[in-house]
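Okay, structure first, notes after.
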Amino acid sequence: MAKIIVVTSGKGGVGKTTSAAAIATGLALRGKKTVVIDFDVGLRNLDLIMGCERRVVYDLINVIQGEAGLNQAMIRDKRVDNLHILPASQTRDKDALSAEGVEKVLDTLTKDFDYVVCDSPAGIERGAQLAMYYADEAVVVTNPEVSSVRDSDRILGLLGSKTRRAEQGQDPVKEHLLITRYDPERVNHGDMLNLEDIQEILSINLIGLIPESEAVLRASNQGVPVTHDQKSDAGQAYVDTVSRLLGEDIPLRFHEYQKKSLLSRVFGGGRR
Ligand SMILES: Nc1ncnc2c1ncn2[C@@H]1O[C@H](COP(=O)(O)OP(=O)(O)OP(=O)(O)O)[C@@H](O)[C@H]1O
Ligand SMILES: [Mg+2]
């Protein structure tokens, strides 16, 4: 039986899709049979980040509406065995995503996969609630700023009350904090919340910290999840995150401010 992990946030644009793609890729690279599902009906970003947008024929809504089978809609990743993508539809009709339809798709997938990763849309409305409803675990993506932390807190409220696990009185959804776009220099200057503040406000298990990194933009432009860029700080930070999701105890990296030396200030040496 697969574990269902929702990647969620409340606030938009904090790095959910980047993280869902990077985490799913990392899990598959560790030999776990993984499918990553785009729940962002209407926007459809995941296939771009995964680099398979030209191969999309059918999508999640087609499957839910019985117009295609799961095997017709799922796209096999061209780089990693064991990794599949189920794209979102570009339809404007958000109601096409029905609870029964989602349940049926997830029930089928959990029988065949080790991990089902759900990329949630922003907000706390229906789409986001459906993406989290069946989850066993949640990765709550948060940027080091007040509005993002506040919206993550609202999501934690929903995870504790509006999920299948909550409604059926089962063990609660396992919540993990993933801090993304962390810039130690700006944190040090007091422009952004620091790690300890965020942890104190949300008080859930920290699963990873992804630094602000040019490698993320480069990766998304190339349609290659940043996990593949093992020379980059962000790529390494996602690998650490996946190891922790698999239960390993890995020390935190990339959170400390290192003052630039005179040489690097003169000759550049920007973050990769
Ligand atoms: N660690 C990072 N360093 C630099 N840029 C990043 C990082 N993570 C994400 N980004 C950038 O932030 C933007 C938003 O990322 P992404 O699309 O993953 O967010 P999202 O939460 O899925 O957005 P939405 O709520 O619209 O679905 C993108 O331009 C992405 O390249
Ligand atoms: Mg997204």
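Glycine too: its Cβ is placed from the backbone N, Cα and C atoms.
Note that the structure is a prediction, hence the values are computed from the model and not measured.
Within its own chain, Gly13 (ATP binding site) has Ala122 as residues 6 or more apart in sequence whose C-beta sits under 8 angstroms from its own. Summarising the annotation, TrEMBL assigns ATP binding site to Lys11, Gly12, Gly13, Val14, Gly15, Lys16, Thr17, Thr18.
For 2-150, the entry in TrEMBL reads domain 'AAA'. For the domain 'AAA' (2-150), the DSSP-based tally of helix, strand and coil residues reads 60 helix, 28 strand, 61 coil.
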Confidence summary for the domain 'AAA' (2-150), mean pLDDT rounded
95
CB neighbours within 10 A of Gly15 (ATP binding site), counting all protein chains shown, number 22
Determine the binding-site residues, out of Gly12, Val14, Lys16, lying near ligand 2 in the sense that the CB is under 6 Å from one of its atoms, and give them in sequence order.
Lys16
Please go through the binding-site residues Lys11, Gly12, Val14, Gly15, Lys16, Thr18 one by one and keep those whose C-beta falls under 6 A from any atom of ligand 1; give the result in sequence order.
Gly12, Val14, Gly15, Lys16, Thr18
Of Lys16, Thr18, the binding-site residues given in the record, which has the fewest other CB atoms within 10 A of its CB?
Thr18
